[in-house]
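> A single structure is presented below for examination.
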Amino acid sequence: MTFKNTLEFAKELDAKDDLNKYQQEFIYPKVNEEKVIYFTGNSLGLQPKRTKKYVDEVMNDWANLAVEGHFYAEKPWWDYHERFANPLSKIVGALPSEVTVMNTLTVNLHLMMVSFYRPTKTRFKIICEEKAFPSDQYMFQSQVHFHGYKMDDTIVEIKRRDGEHNIRLEDILAKIEEVGDELALVLIGGVNYYTGQVFDMKTITAAGHKVGAYVGWDLAHAAGNVKLELHDWNVDFAAWCSYKYMNSGPGNASGCFVHEKHHHNDQLPRFAGWWGHNKERRFKMEPVFNPVHGADGWQISNLPILSLAPYLASVEMFDEIGMDALIQKRDLITSYLEFILKEIAKELDGNFEIITPSNPLERASQLSVLLHGEGRSLFDYLMKNGVITDWREPNVIRLAPVPLYSSFVDMYSFGQILKRGIQEVR
Ligand SMILES: *Cc1c(COP(=O)(O)O)cnc(C)c1O
């Protein structure tokens with residue numbers, strides 16, 4: 001499609017957009033009395049209007065039924081989480097029994113490492129990405145120390161080549177091959193949080209398995225954003241947060257995937273609690289742990305229903321739309337934003353570059369823009385003028401047009417504000 005940097009053209013794209021109507025389902029903050037252009041759905045998604053109803057329902061059931069709500073609430077709490085299995089499994093490409101909701105992301109990755117990082121004298125190394133999200137780095141450090149190993153001997157980071165912003169698939173595959181028999185685990189972010197690069201999860205998973213390692217994915221920036229086929233890719237485990245692209249609200253419950261092939265493996269250690277216990281016998285208060293054969297078997301505590309309620313609202317909205325429709329709009333709007341950025345750069349001889357891969361197969365909603373000149377003052381200008389982006393040191397602005405609630409006119413308007421901003425701060 002040939003794009004144009006005009007309001008008229010942006011309006012035409014909005015008119016043809018099947019998902020345009022979903023903008024009415026969200027609540028936008030306002031700046032200068034106008035709804036903002038929101039580019040930080042990769043950090044905290046906007047609040048869907050329908051969420052309040054789901055939360056109110058729990059509050060009311062709690063008020064009216066108290067403990068009886070476990071069994072007699074509108075949606076009984078004792079198996080509330082089972083409502084996620086179907087819709088969530090479609091979002092991440094899994095069987096319903098392979099997904100569960102519990103805890104928060106880093107906690108779930110730790111729990112998954114308890115089961116899938118079992119270092120031995122000869123096989124103990126972990127492959128991860130260079131500059132992984134800090135929480136993941138701290139997780140690796142603490143896990144490695146917990147098992148009595150040293151970071152330098154254990155962690156193998158895949159690096160970017162000099163002068164390049166993204167990690168090459170061939171370099172990941174070569175490193176997996178090289179570490180070979182010593183490789184215990186590959187654990188990488190499916191989408192890099194800084195650059196927005198999407199990794200070839202299928203190929204990397206197969207390569208890890210070929211040398212006998214487990215392969216897991218941190219899907220914080222991938223869930224609800226990228227087409228995932230976790231079951232078919234044979235991924236061992238994955239976890240994601242629900243408050244980024246899945247709009248469940250600050251710090252809300254995480255999702256977790258454990259491949260079916262591990263559901264009956266009694267040899268896998270895990271940290272257990274009563275909610276992972278055989279469902280039929282959970283309330284018999286038996287002394288010996290007998291896990292549910294499925295991802296639910298990794299649950300520990302009874303679930304935070306007030307945290308699940310907004311997540312359920314979100315998952316049902318995704319189910320209504322389907323990932324394919326989302327991804328179709330995602331690619332169009334991201335390409336349009338890329339076009340706008342390039343137009344502005346041309347007009348103003350702009351001093352910035354997009355460091356996200358230009359290949360649509362290697363990116364999703366996010367474009368990361370590296371500023372060479374204007375820096376932080378430009379970011380401040382954008383925020384004051386109703387463009388909510390985020391700033392990552394040393395000088396990157398991340399822009400995520402989220403297909404559920406971003407419009408093509410937003411992209412055009414953003415371009416105009418960016419242009420005025422660059423002119424003003426120069
Ligand atoms: C957002 C994000 C996290 C956040 O972890 P929490 O445990 O939810 O605080 C972790 N890893 C990555 C890659 C992220 O993008």
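We number each residue from 1, going along the chain as drawn.
Every residue, even glycine, has its Cβ placed from backbone N, Cα and C.
Here TrEMBL flags 53-248 as domain 'Aminotransferase class V'. What TrEMBL lists as pyridoxal 5'-phosphate binding site is Leu105, Thr106, Phe133, Pro134, Ser135, Asp136, Asp218, His221, Tyr243, Trp274, Asn302. Sequence annotations record features per position, and here TrEMBL assigns N6-(pyridoxal phosphate)lysine to Lys244.
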> Average pLDDT across the domain 'Aminotransferase class V' (53-248)?
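Value for the domain 'Aminotransferase class V' (53-248), mean pLDDT as a whole number: 97.
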> Distance between Asn302 (pyridoxal 5'-phosphate binding site) and Lys244 (N6-(pyridoxal phosphate)lysine) at the Cα atoms, whole Å?
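With the alpha carbons as reference points, the distance is 24 Å.
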> May I ask you to report the DSSP-based helix, strand or coil state of Leu105 (pyridoxal 5'-phosphate binding site)?
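It is helical.
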> Within 10 Å of the Cβ of Ser135 (pyridoxal 5'-phosphate binding site), how many other Cβ atoms can you find? Include all protein chains, please.
14
> Give the sequence-ordered list of residues that share a chain with Phe133 (pyridoxal 5'-phosphate binding site), lie 6 or more positions from it, and have CB atoms under 8 Å from its CB.
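Gly189, Tyr193, Asp218, Ala220 - these are the non-local Cβ neighbours of Phe133 (pyridoxal 5'-phosphate binding site), listed in sequence order.
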> Report the binding-site residues (Leu105, Ser135, Asp218, Asn302) that meet this criterion: Cβ distance to the nearest atom of ligand 1 under 6 Å. Use sequence order and write none if nothing qualifies.
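Result: Leu105, Ser135, Asp218.
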> Across all the protein chains here, work out how many other Cβ atoms are within 10 Å of the Cβ of the residue listed as 'N6-(pyridoxal phosphate)lysine'.
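That number is 27.
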